[in-house]
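Features reported for this protein in TrEMBL:
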DOMAIN    13-49  domain 'F-box'
DOMAIN    121-193  domain 'F-box/LRR-repeat protein 15-like leucin rich repeat'
DOMAIN    203-281  domain 'F-box/LRR-repeat protein 15-like leucin rich repeat'
Amino acid sequence: MFEMETHISCLFPEILAIIFSYLDVKDKGRVAQVCAAWRDASYHKSVWRGVEAKLHLRRANPSLFPSLQTRGIKKVQILSLRRSLSYVIQGMPHIESLNLCGCFNLTDNGLGHAFVQDIPSLRVLNLSLCKQITDSSLGRIAQYLKNLEVLELGGCSNITNTGLLLIAWGLHRLKSLNLRSCRHVSDVGIGHLSGMTRSAAEGCLSLEKLTLQDCQKLTDLSLKHVSKGLNKLKVLNLSFCGGISDAGMIHLSHMTHLCSLNLRSCDNISDTGIMHLAMGSLRLSGLDVSFCDKIGDQSLAYIAQGLYQLKSLSLCSCHISDDGINRMVRQMHDLKTLNIGQCVRITDKGLELIADHLTQLTGIDLYGCTKITKRGLERITQLPCLKVLNLGLWQMTESEKVR
């Protein structure tokens, strides 16, 4: 009987391309060096779909951008920028994502020379930690990147409310905006984004994710603007915003699309603020109030009453006890992640309550919970869905160690 020997060289290029698509980026490059057939197959655009090229732009390389275009690569991260940014933009006219995070030497002038005409394909721009960038650059971006959906400006500390006015004027398709540590931004700027100054700027009314972490000038007025204007918002990060208070939570409590709220280290949020959130029409799936040291057991009762659909709850370093856990656990049927690290009043009794009632838990953080023992831990480890257990600083004596 005649048998035909099958060898990998017999595979059609389309089949090779499917196989190569599962490799990581380095291996994709290596298979291209094996032989001509593999090189041709590895250049198929399906192999490189979704890949972000990471580039050090130093000396001129005429083949770089044609090579990326042949592969269909449209996402680029610049690891170091020794050449002009315009070199990238001219070389990749259909670029979709440009990551310049940490390119400290990027200036308004350099960005201005690069963005001189419409770039309709660009959807994602990351300028995090590009500390020389000012409102001037945001004017260029608002003018020429009309289809931008994600803009990262974390650590761009020279940005002011004027820059936010320009964004609100030009970037109507923006879905995600990160303003972490933009220290000059105040309520006025958030008003611009929220469409409160319609005569000058329509606003970014399609925003679904807004990060305002460590924006110290913001007050409850910003939350009023957000609740009025940003009706599609799903994720709001207000961590380390010391200027917001319990009263601001009244505004947020009726944002029906809001899924995730981060209030980590917001020192002026107390049980009263959680009460306001719980009494509204929120359907939150994630809430973080870690390091809010005015939050205690009463908050857990409010959460059980009005925020019982939470899937993730972070309470690290809050003044909660077994009593608070007892008031909460019977209502929280959907909870998958519970972070109670450094809650030093929690004992084995609290862990037993968690083990008995929070049967859907996949992850729990008990870092620095110094009053728990092997007995409570053994109950927790019996949770049927548990995948992640963080103990960190927890200490056991030799005789207690789980064998």
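Residue positions begin at 1 at the first shown residue.
Glycine residues also receive a Cβ, built from the backbone N, Cα and C atoms like all the rest.
Residues in the domain 'F-box/LRR-repeat protein 15-like leucin rich repeat' (121-193) partition by DSSP class (helix H, G, I; strand E, B; coil) as 27 helix, 9 strand, 37 coil. Summarised by DSSP class, the composition of the domain 'F-box/LRR-repeat protein 15-like leucin rich repeat' (203-281) is 26 helix, 10 strand, 43 coil. The predicted model assigns the domain 'F-box/LRR-repeat protein 15-like leucin rich repeat' (203-281) a mean pLDDT of 97.
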